[in-house]
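Below you'll find the structure, written out as structure tokens, and then a few comments.
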Amino acid sequence: MTFEPSATLRDPFVLYGESFGSRLLLGTARYPSPATLEAAVQASAPAMITVALRRQGAVGDGEGGQAFWQMLKALNVPVLPNTAGCFTAQEVITTAMMAREVFETPWIKLELIGDDYTLQPDTLNLPAVAETLLKEGFKVLPYCTEDLVLCRRLLDVGCQALMPWAAPIGTGRGAVNPHAMRVLRERLPDTPLIVDAGLGLPSHAAQVLEWGYDGVLLNTAVAQAAYPVDMARAFAQAVAAGRTAYLAGPMPEREVAQASTPVVGMPFWHADNTEQRA
């Protein structure tokens with residue numbers, strides 16, 4: 001049975017003026033085998049697949065790198081190169097330029113790492129690097145934290161979409177600072193926000209979509225699952241369900257109980273109320 005997310009039919013996912021039929025982006029690293037990766041992509045039908053030029057060796061001289069790249073092209077899914085493993089502005093720019101030439105795309109997921117233990121982005125230098133890439137004609141999707149001031153600065157330099165983390169890369173903890181993430185969504189209502197790191201379960205993805213986030217990017221949660229293909233499919237369904245729930249308008253939370261079944265019209269309801277007042 002094919003799962004058809006109805007929410008995407010009503011509100012297309014738009015990044016830099018381009019529409020996508022899915023709100024899930026999928027990484028291509030750490031899968032048990034290329035065949036598993038291929039099946040996971042087919043099962044989840046992502047909007048894009050991300051590729052780390054520095055780590056995958058997609059342009060290496062070896063046959064393995066060329067075979068990997070040919071397999072990705074055969075999937076017929078847009079490629080989003082990233083600058084994973086870059087710790088300086090120059091490394092980012094050099095990697096981005098190479099990726100644009102190799103993958104023949106202006107898209108780039110900007111990763112500028114500031115700490116090699118937490119893999120937290122270099123928030124001080126990130127806006128300047130993003131601005132440089134934008135001036136070079138890239139469509140930049142910056143990996144950032146949920147810090148509102150940083151995100152506004154990235155928008156100021158010209159980014160049209162942001163990729164805040166939910167938790168450090170690869171931790172699978174879900175949203176560790178839900179208050180800040182919800183504030184970010186509320187304060188930037190018109191900006192596409194894609195949760196980029198820290199999700200481990202489909203329920204984590206559904207949760208952030210329910211908050212109004214526009215999409216998620218996954219890698220380790222799928223690649224390191226016991227059954228990656230099934231997990232990829234589960235995440236795709238969770239993303240669609242979360243977005244549909246957001247569009248449906250969830251009921252407000254309440255501090256006290258409220259009966260879901262009305263008592264007006266039920267036998268003795270008036271008599272019971274009279275006795276309670278007596």
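Keep in mind that glycine also has a Cβ here, set from the backbone N, Cα and C atoms.
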Of Gly170, Gly212, Gly242, residue recorded by Swiss-Prot at the 1-deoxy-D-xylulose 5-phosphate site of Ala197, Gly198, Asn219, Thr220: Gly170
Cα-Cα distance linking Lys109 (active site, schiff-base intermediate with DXP) and Ala197 (1-deoxy-D-xylulose 5-phosphate binding site), given in Å to the nearest integer: 13
Cβ-centroid neighbourhood (8 Å) of the 1-deoxy-D-xylulose 5-phosphate site, Gly170, Ala197, Gly198, Asn219, Thr220 excluded: Ala167, Pro168, Ile169, Thr171, Gly172, Leu199, Gly200, Leu218, Ala221
Lys109 (active site, schiff-base intermediate with DXP) versus Thr220 (1-deoxy-D-xylulose 5-phosphate binding site) - Cα distance in angstrom: 17
Gly170 (1-deoxy-D-xylulose 5-phosphate binding site) versus Lys109 (active site, schiff-base intermediate with DXP) - Cα distance in angstrom: 17
